[in-house]
Structures are given as structure tokens and as C-alpha cells.
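**Q** In case it helps, TrEMBL gives these features for our protein:
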type	residues	note
DOMAIN	4-119	domain 'Response regulatory'
MOD_RES	Asp54	4-aspartylphosphate
DOMAIN	135-200	domain 'HTH luxR-type'
Amino acid sequence: MSALVHIVDRDAASQAGIDHLLRACGYQTRAYLSPDEILSQRPDSESASCIVVDTAAPDESIPDVVGLFSKAGLNLPVIFLTDRGDARIGVRAIKAGAEDLFTKPVERDEFLGAIDRAITRQRLANEQENWVRLSLARLERLTRREREVFDLVVRGKMNKQVAFALGTTERTIKAHRHKVMEKMQARSVVELVSCAERLGLLRSAGSDSGARVPAT
């Protein structure tokens, strides 16, 4: 499915021009007359998409629009178009959280490049968010003892060290470690350590935070 661009523009002719350009480049589009209208439609923030907002209306403040979207939980990259070629507006827009800002008339290739970057960033952010959600769900499936084994293994402890720390046998630890690998869908200890690092589980490890890959 092609990426989706939401166009917010009060001017019908301007809106049609943006729509035509984006559709000719293979994007899907949806058009709205105001920020309030797009919020009423509740677009999916998990889709590969972004928002283009034309701020021709004098009552539309870029920081206010960004804040409105953020408060409503609409976490899509926002690219602004403006008639006012003031560098201070651009600085305020980026500081407010805008993805990019262009002064009209817009240079076609630069505009399309910004669209592509915004959608790529959104897609990667969604993939990371989904991975985190799935990994945390897998982590929740571990038993208390499996979680203890997980915590020690990803911090570089060998089986015999884990067994000593938990007061059990190395054979038992090997069995627990196998279940941990299976439940976390990790093909190697390296993947398990990488998972822990990406989830931020090693940052609270204190003096033992420098994880090493343990011997098998």
C-alpha cells in the first residue's frame, strides 16, 4: 500500500495543486479544510503517513497547530507551507516540533524529499514501537526464575555463575536459559543482549552494565 499524505488547506485551488502533485508521485491523499477537521477524522498515527499544513490563514500559528495535534495524540510528522518568508518562523516551527517548513512557491523536489523523509521516519518509528510492544509482551511471559536468568545472562554471566547466584545447578540453568531464548524468540545470546539493550534494561545494571556475551 502506498503512503498516505493528509493535506490541510483552506484554499481549494492550493489544496488541489498539492493533491495533484502527490498523487502523480504515487502517494494516497486525504484533504481537510482545517486542523480541527483532520482531528475530527482521527487518522491512524500507526500508518505510513504525514501531514501537510498550509498556514495561509493569518489566525493559524504553527506552534499552536503542532500543540493541537500533539495534545490530541496525533503523532504524525507535520510539514508546513507558508506565504511568509521569515527565517524566525522557520526556527519557531522546528522548535515547536514541525518536521519541516517551506515558503511558497515550494521547490518541487525539495518538498517531495521532505515528504519522503517524513514518511520514512514515521515508518521506522512505528516499527520500533511495535517491536518494543512485542518484546515487552514476550518478557512478560517469562516466569520469575526465567526473568532472573534473563537478567543475569544479558549482563554477561556464564551458566555456572548464574547457577551460583541463584543457588541451583548449571543443568537447571541451561534448561531455564533454553526457555528464555525460546520465549524471547532469540536465536543467540547476542540477540538476547541486543534486545535488552534496545529495551533499556541494561542502563540500570550499575557497575555491571557493560554486558558481555557469555560462554555457552
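Glycine residues also receive a Cβ, built from the backbone N, Cα and C atoms like all the rest.
Bear in mind that TrEMBL entries carry predicted annotations, made automatically and left uncurated.
Provide an account of the burial state, proximal residues and distances for the features listed.
**A** Counted with DSSP, the domain 'Response regulatory' (4-119) comes out as 52 helix, 25 strand, 39 coil.
Counting only residues at least six positions away in the same chain, the Cβ atoms of Ile7, Val8, Asp9, Arg10, Asp11, Ser14, Gln15, Ile18, Phe80, Leu81, Thr82, Lys104 sit under 8 Å from the Cβ of Asp54 (4-aspartylphosphate).
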